[in-house]
Amino acid sequence: MPPPNGCSINAAPSDKSEDSEPLIENHAVPPRCCSARLNLAILMFLGFCVVYGLRVNLSVAMVAMVNSTEPEPAGNTSVVHACPVPSGRENTSDTFQQPKGTPQYSWDSETQGWLLGAFFFGYLCTQIPGGYLAGHYGGSLFLGLGVLGTAALTLLTPLAAQWGSYWLFALRALEGFGEGVTFPAMMALWARWAPPLERSRLMTLSGSGANFGAFLALPLTGYICQTLGWPAVFYLCGGAGCLWAVFWFMFVSDDPRTHRGISEEERDYIINSIGPQGTGHGWSIPLVSMLLSVPLWAIIITQMCSNWAYYTLLTSLPTYMDTILHFDLQSNGFLSALPYLGAWLVSTLSGVVADALIERRVFSVTTVRKIFTTTGLLLPAAFLVAVGYSGCSHILTVTFLTLSTTVGGSSASGVYINQIDIAPRYAGFLLGITNTFGTIPGVVAPIVTGYFTENHTLDGWRKVFCVAAGINMGGALFYLIFGSGKIQPWAETEEEKTETERRRRRSSSQSDSS
(Lines of atoms letter the chains of each structure in order from A and count residues from 1; the text may use other names and numbers.)
(Lines give C-alpha, C1' and ligand atoms only; values in the text may rest on other atoms or scores of the structure.)
Protein backbone atom coordinates (compact mmCIF):
# COMPACT_ATOMS: atom_id res chain seq x y z
CA MET A 1 0.00 0.00 0.00
CA PRO A 2 1.45 3.41 -0.90
CA PRO A 3 2.21 5.74 1.96
CA PRO A 4 -0.21 8.54 2.77
CA ASN A 5 0.00 11.75 0.74
CA GLY A 6 1.77 9.79 -1.98
CA CYS A 7 5.19 10.00 -0.38
CA SER A 8 7.54 8.07 1.83
CA ILE A 9 7.88 8.89 5.49
CA ASN A 10 11.44 9.85 4.63
CA ALA A 11 10.27 12.63 2.35
CA ALA A 12 10.52 16.17 3.59
CA PRO A 13 7.24 17.40 5.08
CA SER A 14 5.26 19.96 3.12
CA ASP A 15 5.31 22.58 5.89
CA LYS A 16 8.33 24.17 7.48
CA SER A 17 7.94 22.66 10.93
CA GLU A 18 10.65 20.24 11.93
CA ASP A 19 8.26 18.20 14.03
CA SER A 20 5.63 17.51 11.36
CA GLU A 21 6.46 14.18 9.77
CA PRO A 22 4.11 12.13 7.58
CA LEU A 23 3.36 8.75 9.11
CA ILE A 24 2.32 5.39 7.67
CA GLU A 25 -1.16 4.21 8.54
CA ASN A 26 -1.11 1.47 11.16
CA HIS A 27 -3.35 -0.96 9.25
CA ALA A 28 -0.85 -1.09 6.39
CA VAL A 29 1.75 -2.83 8.58
CA PRO A 30 2.06 -6.59 7.91
CA PRO A 31 2.63 -8.94 10.88
CA ARG A 32 6.04 -8.63 12.49
CA CYS A 33 6.12 -12.13 13.96
CA CYS A 34 8.26 -14.48 11.83
CA SER A 35 8.76 -11.70 9.27
CA ALA A 36 11.93 -11.46 7.21
CA ARG A 37 12.89 -8.17 8.88
CA LEU A 38 12.47 -9.66 12.37
CA ASN A 39 14.48 -12.73 11.39
CA LEU A 40 17.22 -10.40 10.13
CA ALA A 41 17.20 -8.56 13.46
CA ILE A 42 17.50 -11.82 15.41
CA LEU A 43 20.37 -13.07 13.27
CA MET A 44 22.10 -9.70 13.70
CA PHE A 45 21.49 -9.95 17.44
CA LEU A 46 23.28 -13.31 17.54
CA GLY A 47 26.07 -11.93 15.36
CA PHE A 48 26.72 -9.03 17.71
CA CYS A 49 26.62 -11.42 20.66
CA VAL A 50 29.57 -13.16 19.00
CA VAL A 51 31.22 -9.87 18.05
CA TYR A 52 31.25 -8.60 21.61
CA GLY A 53 32.27 -11.99 22.95
CA LEU A 54 35.29 -11.77 20.68
CA ARG A 55 35.93 -8.20 21.82
CA VAL A 56 35.69 -8.56 25.61
CA ASN A 57 37.02 -12.07 26.22
CA LEU A 58 40.52 -10.69 26.75
CA SER A 59 39.25 -8.40 29.54
CA VAL A 60 38.54 -11.35 31.83
CA ALA A 61 41.12 -13.74 30.39
CA MET A 62 43.78 -11.13 31.14
CA VAL A 63 43.31 -11.85 34.85
CA ALA A 64 44.15 -15.50 34.14
CA MET A 65 46.91 -14.82 31.62
CA VAL A 66 49.09 -12.76 33.97
CA ASN A 67 50.69 -14.38 36.99
CA SER A 68 50.00 -11.30 39.12
CA THR A 69 48.11 -8.04 38.61
CA GLU A 70 49.81 -6.52 41.66
CA PRO A 71 53.16 -4.70 41.46
CA GLU A 72 56.09 -6.71 42.71
CA PRO A 73 57.00 -5.74 46.28
CA ALA A 74 60.52 -4.42 46.76
CA GLY A 75 62.79 -6.22 49.19
CA ASN A 76 60.99 -7.43 52.29
CA THR A 77 58.09 -4.98 52.01
CA SER A 78 54.59 -6.36 51.76
CA VAL A 79 51.87 -5.49 49.29
CA VAL A 80 49.34 -3.00 50.68
CA HIS A 81 45.85 -3.65 49.36
CA ALA A 82 43.51 -0.73 48.68
CA CYS A 83 40.66 -2.75 50.19
CA PRO A 84 40.92 -5.54 52.75
CA VAL A 85 41.15 -9.02 51.29
CA PRO A 86 38.04 -11.09 52.15
CA SER A 87 38.49 -13.76 54.80
CA GLY A 88 39.74 -16.99 53.31
CA ARG A 89 41.81 -15.23 50.66
CA GLU A 90 44.45 -13.54 52.86
CA ASN A 91 46.99 -16.30 52.55
CA THR A 92 46.21 -17.30 49.01
CA SER A 93 48.23 -16.30 46.01
CA ASP A 94 46.85 -13.72 43.59
CA THR A 95 47.00 -16.46 40.97
CA PHE A 96 44.53 -19.31 40.86
CA GLN A 97 44.57 -22.89 39.76
CA GLN A 98 44.28 -23.62 36.07
CA PRO A 99 44.88 -26.87 34.21
CA LYS A 100 48.50 -27.94 34.44
CA GLY A 101 50.73 -26.42 31.79
CA THR A 102 48.57 -23.32 31.17
CA PRO A 103 51.02 -20.49 30.43
CA GLN A 104 51.03 -17.20 32.31
CA TYR A 105 52.90 -13.97 31.62
CA SER A 106 54.45 -11.14 33.64
CA TRP A 107 52.71 -8.11 32.11
CA ASP A 108 52.53 -4.97 34.23
CA SER A 109 49.49 -2.69 34.48
CA GLU A 110 50.65 -0.44 31.66
CA THR A 111 51.24 -3.37 29.29
CA GLN A 112 47.80 -4.75 30.09
CA GLY A 113 46.26 -1.37 29.28
CA TRP A 114 47.97 -1.30 25.88
CA LEU A 115 46.86 -4.85 25.11
CA LEU A 116 43.27 -4.12 26.09
CA GLY A 117 43.28 -1.01 23.88
CA ALA A 118 45.04 -2.67 20.92
CA PHE A 119 41.77 -3.89 19.41
CA PHE A 120 40.60 -0.34 18.86
CA PHE A 121 43.67 0.73 16.89
CA GLY A 122 42.57 -1.60 14.10
CA TYR A 123 38.89 -0.90 14.70
CA LEU A 124 39.46 2.75 13.86
CA CYS A 125 40.83 2.04 10.39
CA THR A 126 37.92 0.24 8.70
CA GLN A 127 34.87 2.11 10.02
CA ILE A 128 34.62 4.72 7.26
CA PRO A 129 35.73 2.54 4.31
CA GLY A 130 33.43 -0.23 5.55
CA GLY A 131 30.45 2.11 5.84
CA TYR A 132 31.09 3.61 2.40
CA LEU A 133 31.39 0.25 0.64
CA ALA A 134 28.45 -1.25 2.53
CA GLY A 135 26.29 1.71 1.55
CA HIS A 136 27.22 1.20 -2.10
CA TYR A 137 27.23 -2.60 -2.41
CA GLY A 138 25.05 -3.63 0.54
CA GLY A 139 25.96 -4.62 4.07
CA SER A 140 25.49 -8.38 4.29
CA LEU A 141 28.85 -9.35 2.78
CA PHE A 142 30.82 -6.90 4.91
CA LEU A 143 29.06 -7.82 8.15
CA GLY A 144 29.53 -11.54 7.50
CA LEU A 145 33.18 -11.26 6.51
CA GLY A 146 33.90 -8.90 9.41
CA VAL A 147 32.68 -11.41 11.99
CA LEU A 148 34.26 -14.38 10.20
CA GLY A 149 37.66 -12.72 9.87
CA THR A 150 37.72 -11.61 13.50
CA ALA A 151 36.70 -15.08 14.66
CA ALA A 152 39.43 -16.76 12.62
CA LEU A 153 42.08 -14.41 14.03
CA THR A 154 40.84 -15.02 17.57
CA LEU A 155 41.82 -18.67 17.20
CA LEU A 156 45.45 -17.52 16.99
CA THR A 157 45.44 -15.62 20.31
CA PRO A 158 47.21 -18.27 22.44
CA LEU A 159 49.98 -18.55 19.85
CA ALA A 160 50.43 -14.78 19.67
CA ALA A 161 50.57 -14.50 23.47
CA GLN A 162 53.25 -17.21 23.53
CA TRP A 163 55.34 -15.22 21.05
CA GLY A 164 55.13 -12.08 23.17
CA SER A 165 53.06 -9.01 24.04
CA TYR A 166 53.99 -7.23 20.79
CA TRP A 167 52.61 -10.09 18.72
CA LEU A 168 49.42 -10.16 20.80
CA PHE A 169 49.05 -6.40 20.37
CA ALA A 170 49.35 -6.79 16.59
CA LEU A 171 46.85 -9.65 16.51
CA ARG A 172 44.28 -7.75 18.55
CA ALA A 173 44.71 -4.73 16.27
CA LEU A 174 44.05 -6.98 13.26
CA GLU A 175 40.92 -8.34 14.94
CA GLY A 176 39.72 -4.78 15.37
CA PHE A 177 40.52 -4.13 11.71
CA GLY A 178 38.16 -6.97 10.72
CA GLU A 179 35.43 -6.09 13.16
CA GLY A 180 35.43 -2.39 12.26
CA VAL A 181 33.09 -2.92 9.31
CA THR A 182 30.36 -4.68 11.29
CA PHE A 183 28.36 -1.80 12.76
CA PRO A 184 28.46 0.39 9.61
CA ALA A 185 27.35 -2.66 7.62
CA MET A 186 24.47 -3.18 10.04
CA MET A 187 23.34 0.41 9.57
CA ALA A 188 23.59 0.09 5.78
CA LEU A 189 21.41 -3.01 5.91
CA TRP A 190 18.74 -1.35 8.06
CA ALA A 191 18.68 1.65 5.71
CA ARG A 192 17.19 -0.78 3.16
CA TRP A 193 15.26 -3.03 5.55
CA ALA A 194 13.85 -1.00 8.45
CA PRO A 195 10.50 0.78 7.96
CA PRO A 196 10.80 4.22 9.60
CA LEU A 197 8.19 3.46 12.26
CA GLU A 198 10.07 0.30 13.26
CA ARG A 199 13.62 1.63 13.15
CA SER A 200 14.06 2.01 16.90
CA ARG A 201 12.85 -1.46 17.85
CA LEU A 202 14.60 -3.33 15.02
CA MET A 203 17.91 -1.54 15.42
CA THR A 204 17.98 -1.71 19.21
CA LEU A 205 17.06 -5.40 19.09
CA SER A 206 19.89 -6.21 16.70
CA GLY A 207 22.40 -3.88 18.36
CA SER A 208 21.52 -5.10 21.87
CA GLY A 209 23.31 -8.31 20.97
CA ALA A 210 26.46 -6.40 21.91
CA ASN A 211 25.35 -6.00 25.52
CA PHE A 212 23.97 -9.54 25.69
CA GLY A 213 27.22 -10.87 24.23
CA ALA A 214 29.18 -9.05 26.92
CA PHE A 215 26.82 -10.44 29.56
CA LEU A 216 27.41 -14.00 28.36
CA ALA A 217 31.11 -13.71 27.56
CA LEU A 218 32.31 -12.20 30.82
CA PRO A 219 31.12 -14.96 33.23
CA LEU A 220 31.68 -17.77 30.73
CA THR A 221 35.22 -16.59 30.17
CA GLY A 222 35.92 -16.78 33.90
CA TYR A 223 34.42 -20.26 34.13
CA ILE A 224 36.29 -21.55 31.09
CA CYS A 225 39.58 -20.13 32.37
CA GLN A 226 39.23 -22.01 35.64
CA THR A 227 38.09 -25.30 34.13
CA LEU A 228 39.80 -25.54 30.72
CA GLY A 229 42.46 -22.84 30.89
CA TRP A 230 42.42 -19.41 29.26
CA PRO A 231 43.47 -20.63 25.74
CA ALA A 232 40.14 -22.49 25.45
CA VAL A 233 38.31 -19.15 25.69
CA PHE A 234 39.69 -18.00 22.38
CA TYR A 235 39.21 -21.35 20.64
CA LEU A 236 35.54 -21.53 21.67
CA CYS A 237 34.75 -17.88 20.88
CA GLY A 238 36.50 -18.09 17.52
CA GLY A 239 34.66 -21.29 16.64
CA ALA A 240 31.30 -19.74 17.52
CA GLY A 241 31.98 -16.82 15.18
CA CYS A 242 32.85 -19.13 12.29
CA LEU A 243 29.65 -21.15 12.85
CA TRP A 244 27.48 -18.03 12.91
CA ALA A 245 28.96 -16.87 9.60
CA VAL A 246 27.71 -20.04 7.90
CA PHE A 247 24.08 -19.27 8.82
CA TRP A 248 24.49 -15.58 7.97
CA PHE A 249 25.61 -16.22 4.40
CA MET A 250 22.87 -18.82 3.96
CA PHE A 251 19.87 -16.73 5.01
CA VAL A 252 20.61 -12.98 4.62
CA SER A 253 20.05 -10.73 1.62
CA ASP A 254 21.12 -7.10 1.13
CA ASP A 255 17.71 -5.91 0.00
CA PRO A 256 14.08 -7.03 0.47
CA ARG A 257 13.76 -7.05 -3.33
CA THR A 258 16.26 -9.92 -3.58
CA HIS A 259 15.28 -11.90 -0.47
CA ARG A 260 14.06 -15.38 -1.39
CA GLY A 261 11.79 -15.99 1.61
CA ILE A 262 10.03 -12.65 2.07
CA SER A 263 6.29 -12.32 1.47
CA GLU A 264 5.07 -9.97 -1.23
CA GLU A 265 3.07 -7.98 1.33
CA GLU A 266 6.10 -7.41 3.56
CA ARG A 267 8.37 -6.59 0.63
CA ASP A 268 5.98 -3.94 -0.71
CA TYR A 269 5.47 -2.50 2.77
CA ILE A 270 9.21 -2.07 3.37
CA ILE A 271 9.95 -0.65 -0.09
CA ASN A 272 7.03 1.80 -0.07
CA SER A 273 7.60 3.01 3.48
CA ILE A 274 11.33 3.66 3.00
CA GLY A 275 10.91 5.14 -0.46
CA PRO A 276 13.87 6.47 -2.50
CA GLN A 277 16.09 6.45 0.59
CA GLY A 278 16.14 2.65 0.50
CA THR A 279 18.66 2.51 -2.34
CA GLY A 280 22.45 2.62 -2.38
CA HIS A 281 24.13 6.01 -2.38
CA GLY A 282 26.39 5.31 -5.37
CA TRP A 283 30.01 6.37 -5.54
CA SER A 284 29.39 10.08 -5.05
CA ILE A 285 28.62 11.44 -1.57
CA PRO A 286 28.13 15.05 -0.32
CA LEU A 287 31.23 14.94 1.87
CA VAL A 288 31.62 18.70 2.35
CA SER A 289 27.97 19.09 3.38
CA MET A 290 28.40 16.23 5.85
CA LEU A 291 31.47 17.80 7.41
CA LEU A 292 29.57 21.07 7.85
CA SER A 293 26.46 19.39 9.30
CA VAL A 294 25.86 20.42 12.91
CA PRO A 295 23.50 17.47 13.66
CA LEU A 296 26.20 15.06 12.46
CA TRP A 297 28.80 16.67 14.72
CA ALA A 298 26.31 16.43 17.58
CA ILE A 299 26.23 12.65 17.04
CA ILE A 300 30.02 12.45 16.79
CA ILE A 301 30.77 14.41 19.97
CA THR A 302 28.03 12.74 22.00
CA GLN A 303 29.00 9.24 20.92
CA MET A 304 32.62 9.91 21.86
CA CYS A 305 31.57 11.09 25.31
CA SER A 306 29.25 8.16 25.92
CA ASN A 307 31.78 5.62 24.69
CA TRP A 308 34.45 6.82 27.09
CA ALA A 309 32.50 5.49 30.07
CA TYR A 310 31.30 2.42 28.20
CA TYR A 311 34.74 1.32 27.05
CA THR A 312 36.31 2.14 30.41
CA LEU A 313 33.99 -0.33 32.10
CA LEU A 314 34.07 -2.86 29.27
CA THR A 315 37.84 -3.22 29.27
CA SER A 316 38.82 -2.40 32.85
CA LEU A 317 35.97 -3.51 35.11
CA PRO A 318 37.30 -7.09 35.55
CA THR A 319 40.65 -5.65 36.67
CA TYR A 320 38.88 -3.38 39.18
CA MET A 321 36.90 -6.32 40.53
CA ASP A 322 40.12 -8.31 40.92
CA THR A 323 42.67 -5.80 42.23
CA ILE A 324 40.41 -3.59 44.39
CA LEU A 325 37.44 -5.72 45.46
CA HIS A 326 39.34 -9.05 45.35
CA PHE A 327 36.63 -11.15 43.78
CA ASP A 328 37.70 -14.58 42.59
CA LEU A 329 37.76 -15.00 38.82
CA GLN A 330 34.38 -16.73 38.49
CA SER A 331 32.60 -14.15 40.67
CA ASN A 332 34.56 -11.44 38.87
CA GLY A 333 33.20 -12.57 35.51
CA PHE A 334 29.60 -12.75 36.69
CA LEU A 335 29.63 -9.39 38.50
CA SER A 336 31.40 -7.68 35.60
CA ALA A 337 28.69 -9.05 33.31
CA LEU A 338 25.69 -8.08 35.42
CA PRO A 339 25.55 -4.43 34.20
CA TYR A 340 25.32 -5.58 30.58
CA LEU A 341 22.27 -7.74 31.29
CA GLY A 342 20.48 -4.61 32.48
CA ALA A 343 21.72 -2.61 29.49
CA TRP A 344 20.43 -5.29 27.12
CA LEU A 345 16.95 -5.23 28.67
CA VAL A 346 16.73 -1.43 28.80
CA SER A 347 18.03 -0.89 25.26
CA THR A 348 15.56 -3.41 23.82
CA LEU A 349 12.60 -1.91 25.70
CA SER A 350 13.67 1.63 24.84
CA GLY A 351 13.35 0.82 21.14
CA VAL A 352 9.73 -0.26 21.57
CA VAL A 353 8.91 2.83 23.63
CA ALA A 354 10.66 5.18 21.20
CA ASP A 355 8.76 3.80 18.20
CA ALA A 356 5.48 4.05 20.10
CA LEU A 357 6.10 7.70 20.98
CA ILE A 358 6.89 8.53 17.35
CA GLU A 359 4.07 6.46 15.86
CA ARG A 360 1.44 8.00 18.16
CA ARG A 361 2.85 11.48 17.57
CA VAL A 362 3.46 12.07 21.26
CA PHE A 363 6.85 13.60 20.40
CA SER A 364 8.79 14.32 17.23
CA VAL A 365 11.76 12.17 16.22
CA THR A 366 14.12 14.92 17.39
CA THR A 367 12.54 15.08 20.85
CA VAL A 368 12.51 11.31 21.25
CA ARG A 369 16.20 11.02 20.35
CA LYS A 370 17.10 13.80 22.82
CA ILE A 371 15.07 12.26 25.64
CA PHE A 372 16.71 8.86 25.33
CA THR A 373 20.18 10.28 24.78
CA THR A 374 20.20 12.61 27.79
CA THR A 375 18.67 9.92 30.00
CA GLY A 376 21.29 7.45 28.83
CA LEU A 377 24.19 9.80 29.64
CA LEU A 378 23.22 11.87 32.69
CA LEU A 379 21.93 9.09 34.93
CA PRO A 380 24.97 6.83 34.30
CA ALA A 381 27.22 9.80 35.11
CA ALA A 382 25.58 10.19 38.53
CA PHE A 383 25.99 6.49 39.29
CA LEU A 384 29.65 6.52 38.19
CA VAL A 385 30.39 9.30 40.65
CA ALA A 386 28.66 7.24 43.32
CA VAL A 387 30.92 4.27 42.45
CA GLY A 388 33.98 6.42 42.98
CA TYR A 389 32.87 7.23 46.52
CA SER A 390 31.59 3.76 47.46
CA GLY A 391 34.96 2.82 48.88
CA CYS A 392 35.40 -0.88 49.61
CA SER A 393 31.69 -1.68 49.86
CA HIS A 394 31.08 -4.59 47.53
CA ILE A 395 27.31 -4.17 47.60
CA LEU A 396 27.28 -0.42 46.85
CA THR A 397 29.95 -0.70 44.15
CA VAL A 398 28.25 -3.53 42.27
CA THR A 399 24.84 -1.85 42.62
CA PHE A 400 25.97 1.52 41.26
CA LEU A 401 27.99 -0.05 38.43
CA THR A 402 24.99 -2.14 37.42
CA LEU A 403 22.63 0.85 37.52
CA SER A 404 25.05 3.02 35.55
CA THR A 405 25.36 0.62 32.62
CA THR A 406 21.71 -0.42 32.80
CA VAL A 407 20.22 3.06 32.42
CA GLY A 408 22.90 3.84 29.83
CA GLY A 409 21.17 1.33 27.58
CA SER A 410 18.42 3.86 26.88
CA SER A 411 20.80 5.83 24.66
CA ALA A 412 20.50 2.98 22.14
CA SER A 413 17.25 4.63 21.01
CA GLY A 414 18.87 8.04 20.95
CA VAL A 415 22.19 9.11 19.52
CA TYR A 416 23.27 5.61 18.49
CA ILE A 417 20.64 5.31 15.75
CA ASN A 418 20.36 9.00 14.91
CA GLN A 419 22.40 8.60 11.70
CA ILE A 420 19.50 6.87 9.95
CA ASP A 421 17.18 9.75 10.91
CA ILE A 422 19.24 12.56 9.42
CA ALA A 423 20.44 10.72 6.27
CA PRO A 424 18.94 7.24 5.72
CA ARG A 425 20.71 6.29 2.51
CA TYR A 426 24.08 7.50 3.84
CA ALA A 427 23.49 5.91 7.26
CA GLY A 428 26.19 3.25 6.90
CA PHE A 429 28.81 5.79 5.88
CA LEU A 430 27.77 8.20 8.63
CA LEU A 431 27.95 5.46 11.24
CA GLY A 432 31.45 4.71 9.95
CA ILE A 433 32.36 8.35 10.61
CA THR A 434 30.71 8.57 14.04
CA ASN A 435 32.05 5.18 15.12
CA THR A 436 35.57 6.14 14.05
CA PHE A 437 35.49 9.11 16.39
CA GLY A 438 33.53 7.08 18.94
CA THR A 439 36.25 4.43 18.97
CA ILE A 440 38.97 6.87 19.99
CA PRO A 441 37.90 6.50 23.66
CA GLY A 442 38.31 2.75 23.24
CA VAL A 443 41.98 3.35 22.44
CA VAL A 444 42.64 6.07 24.99
CA ALA A 445 40.45 5.09 27.97
CA PRO A 446 42.22 1.79 28.86
CA ILE A 447 45.61 3.50 28.60
CA VAL A 448 44.49 6.42 30.78
CA THR A 449 42.98 3.93 33.23
CA GLY A 450 46.30 2.08 33.34
CA TYR A 451 48.15 5.28 34.25
CA PHE A 452 45.58 6.37 36.85
CA THR A 453 45.56 2.95 38.52
CA GLU A 454 49.23 2.09 38.31
CA ASN A 455 49.44 1.82 42.10
CA HIS A 456 46.02 0.12 42.44
CA THR A 457 44.61 2.72 44.85
CA LEU A 458 41.03 3.74 45.47
CA ASP A 459 41.96 7.33 44.69
CA GLY A 460 43.23 6.31 41.26
CA TRP A 461 40.04 4.45 40.42
CA ARG A 462 37.95 7.35 41.76
CA LYS A 463 39.62 9.57 39.18
CA VAL A 464 38.76 7.03 36.47
CA PHE A 465 35.05 7.04 37.36
CA CYS A 466 34.75 10.81 37.90
CA VAL A 467 36.47 11.64 34.61
CA ALA A 468 34.08 9.28 32.78
CA ALA A 469 31.09 10.89 34.52
CA GLY A 470 32.19 14.41 33.59
CA ILE A 471 32.69 13.47 29.95
CA ASN A 472 29.21 11.88 29.90
CA MET A 473 27.60 15.07 31.20
CA GLY A 474 29.35 17.17 28.57
CA GLY A 475 28.09 14.89 25.81
CA ALA A 476 24.50 15.05 27.04
CA LEU A 477 24.55 18.86 27.09
CA PHE A 478 26.05 19.09 23.60
CA TYR A 479 23.43 16.77 22.08
CA LEU A 480 20.58 18.51 23.87
CA ILE A 481 21.57 21.77 22.18
CA PHE A 482 22.61 20.61 18.70
CA GLY A 483 21.00 17.19 18.08
CA SER A 484 18.29 16.70 15.42
CA GLY A 485 16.09 13.91 14.08
CA LYS A 486 15.14 15.65 10.83
CA ILE A 487 16.43 14.43 7.47
CA GLN A 488 19.07 16.87 6.25
CA PRO A 489 18.74 18.67 2.89
CA TRP A 490 22.02 17.21 1.60
CA ALA A 491 20.66 13.69 2.19
CA GLU A 492 17.58 14.06 -0.01
CA THR A 493 17.44 12.20 -3.33
CA GLU A 494 16.77 14.05 -6.58
CA GLU A 495 13.28 12.57 -6.58
CA GLU A 496 12.61 13.97 -3.11
CA LYS A 497 14.03 17.38 -4.03
CA THR A 498 11.78 17.51 -7.09
CA GLU A 499 8.75 16.55 -5.00
CA THR A 500 9.58 19.19 -2.38
CA GLU A 501 9.94 21.89 -5.04
CA ARG A 502 6.66 20.86 -6.63
CA ARG A 503 4.86 21.17 -3.29
CA ARG A 504 6.33 24.60 -2.72
CA ARG A 505 5.09 25.80 -6.10
CA ARG A 506 1.66 24.32 -5.47
CA SER A 507 1.50 25.96 -2.04
CA SER A 508 2.64 29.28 -3.53
CA SER A 509 0.06 29.17 -6.32
CA GLN A 510 -2.73 28.37 -3.83
CA SER A 511 -1.67 31.34 -1.69
CA ASP A 512 -1.69 33.67 -4.71
CA SER A 513 -5.14 32.51 -5.85
CA SER A 514 -6.59 33.05 -2.41
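Each Cβ is built from the backbone N, Cα and C atoms, and glycine gets one as well.
TrEMBL does not curate its annotations; it predicts them automatically.
Marked as region 'Disordered' by TrEMBL: 1-23 (among others).
Residues annotated as domain 'Major facilitator superfamily (MFS) profile' in TrEMBL: 39-487. As a whole-number mean, the pLDDT of the domain 'Major facilitator superfamily (MFS) profile' (39-487) in this prediction is 83.
Taken from TrEMBL, the feature transmembrane segment covers 40-66 (among others).
What TrEMBL lists as transmembrane segment is 114-134 (among others). Beyond the ends of the transmembrane segment (114-134), by six or more residues, the same chain brings 55, 58-59, 62, 107, 142-143, 146, 165, 168-170, 172-185, 187-189, 285, 311, 315-316, 428-433, 435-436, 439-440, 442-447, 450 to within a C-beta distance below 8 angstroms of the stretch.
What TrEMBL records for 141-160 (among others) is transmembrane segment.
Residues 37-38, 40-42, 44-53, 56-57, 59-60, 183, 186-187, 190, 193-194, 237, 314, 318, 330, 333-334, 336-338, 340-341, 343-344, 347-348, 350-351, 354, 409, 412-413, 416-417, 420 of the same chain, all 6+ positions outside the transmembrane segment (202-220), place their C-beta atoms under 8 angstroms from a C-beta of that stretch. Annotation comment: TrEMBL describes 202-220 (among others) as transmembrane segment.
Same-chain residues lying 6 or more positions outside the transmembrane segment (232-252) and placing a CB less than 8 Å from one of its CB atoms are 39-40, 43, 46-47, 50-51, 53-54, 57, 60-61, 140, 143-144, 147-148, 150-155, 157-158, 217, 221, 224-225, 261. The transmembrane segment annotation in TrEMBL covers 232-252 (among others).
The transmembrane segment annotation in TrEMBL covers 287-311 (among others). Listed by sequence, the residues of this chain that lie at least six past the ends of the transmembrane segment (287-311) yet keep a Cβ under 8 A from its Cβ atoms are 120, 373, 376-377, 380-381, 384, 404-405, 408, 411, 415-416, 418-419, 422-423, 426, 430, 433-435, 437-442, 445-446, 467-469, 471-472, 474-476, 478-479, 481-484, 486, 488, 490.
Look at TrEMBL and you will find 337-358 (among others) tagged as transmembrane segment. Here the transmembrane segment (337-358) has Cβ contacts under 8 Å with residues 197-205, 207-208, 211-212, 214-219, 313, 317, 364-365, 368, 372, 398, 401-410, 412-413 of the same chain, all six or more residues outside its ends.
Positions annotated as transmembrane segment by TrEMBL: 370-389 (among others).
According to TrEMBL, the feature transmembrane segment maps to 395-417 (among others). Long-range contacts of the transmembrane segment (395-417) within the same chain: residues 199-200, 203-204, 207-208, 211, 298-299, 302-303, 306, 309-310, 313, 317, 325, 335, 338-340, 342-347, 350-351, 353-354, 368-377, 379-380, 383-384, 386-387, 479, 483, each at least 6 residues beyond the stretch ends and with a Cβ under 8 Å from a Cβ of the stretch.
As annotated by TrEMBL, transmembrane segment applies to 429-448 (among others).
Among the features that TrEMBL reports, transmembrane segment is placed at 460-482 (among others).
Feature annotation from TrEMBL assigns region 'Disordered' to 491-514 (among others).
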Residues sitting near the transmembrane segment (141-160): Cβ under 8 Å, six or more positions beyond its termini, same chain? 44, 47, 50-51, 54, 57-58, 103, 130, 133-134, 167-168, 170-171, 174-175, 178-182, 184-186, 188-189, 230-231, 234-235, 237-242, 244-245, 248-249, 252, 254
Short question: which residues 6 or more past the ends of the transmembrane segment (370-389) have a Cβ under 8 Å from it? 302, 305-306, 309, 350, 354, 363, 396-397, 400-401, 403-405, 407-415, 418, 461-466, 468-470, 472-473, 475-476, 479-480, 483
What residues in the same chain, six or more past the boundaries of the transmembrane segment (460-482), come closer than 8 Å to it by Cβ-Cβ distance? 82, 294-295, 297-299, 301-306, 308-309, 312, 316, 320, 324, 370, 373-374, 377-378, 380-382, 384-385, 387-389, 414-415, 445, 448-449, 452-454
